[in-house]
Amino acid sequence: MPKPFDLTLYLVTDPRLVAARGLLTTVDAAVKGGATIVQLRDPDAHGRALVEQARALKALLAPLGIPLIINDRVDVAVAADADGVHLGQDDMTPADARAVLGPQRILGLSVGNPAEYAASDLSGVDYLGVGPVKATGTKADAGGAIGAAGVGAVRALTRLPLVGIGGLATADVADVIRAGADGVAVVSSICAASDPEQAARALKAAVLAAR
């Protein structure tokens, strides 16, 4: 079994949005503001560069007890000793990923709607990322927005922990949590914020207030 993890405020990094401030500076500020789990997502980075980024983030986050998740790349997660991997629908199957990762690492899966959930291989999956809740500009291949109601529809089908993701701002958090999400995953609301620490603090407060 993976170690316990907290999905309250799930930060997904975007290399373009953190370029000016720096990846480590942005993530450090977000964690100080209350981010509870961090996913490294950089689809354009080559393997070696991604491993280096992951190791730097692991060194930052491990002493704080914050899990580091790697988007898509099981090999990078193993090489950097990250805490887990998040898979999309077109990535390696969860069963194959689990076979490589072993039982201790966290495994997440993206789900776009109830039909996609029903068709998914959930072997070894520990949590779901459900969305996009709203239209998003940070992921070109994201499907159509499903709204908080879509999150609720997936929640009705599963007991797995889940986060709502996709275009979420602080004002959207309450609806997503009340629909049954355990937390929210955000990209630009923190990565593009002028003050990532304060942005994270406001988002986390909104999650806790809606529970």
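Positions of Cβ are set from backbone N, Cα and C atoms, glycine also.
Database features, via Swiss-Prot:
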BINDING   Gln39, Leu40, Arg41, Asn71, Ser110, Lys139  4-amino-2-methyl-5-(diphosphooxymethyl)pyrimidine binding site
BINDING   Asp72, Asp91  Mg(2+) binding site
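In the three-state DSSP assignment, the secondary structure recorded for Asp91 (Mg(2+) binding site) is coil. For the recorded site, Asp72 (Mg(2+) binding site), the DSSP three-state label reads coil. Closest in space to Asp91 (Mg(2+) binding site), of the binding-site residues given as Leu40, Arg41, Asn71, is Asn71, taking the CA atom of each residue. There are 19 other CB atoms within 10 A of the CB of Asp72 (Mg(2+) binding site), with all protein chains counted.
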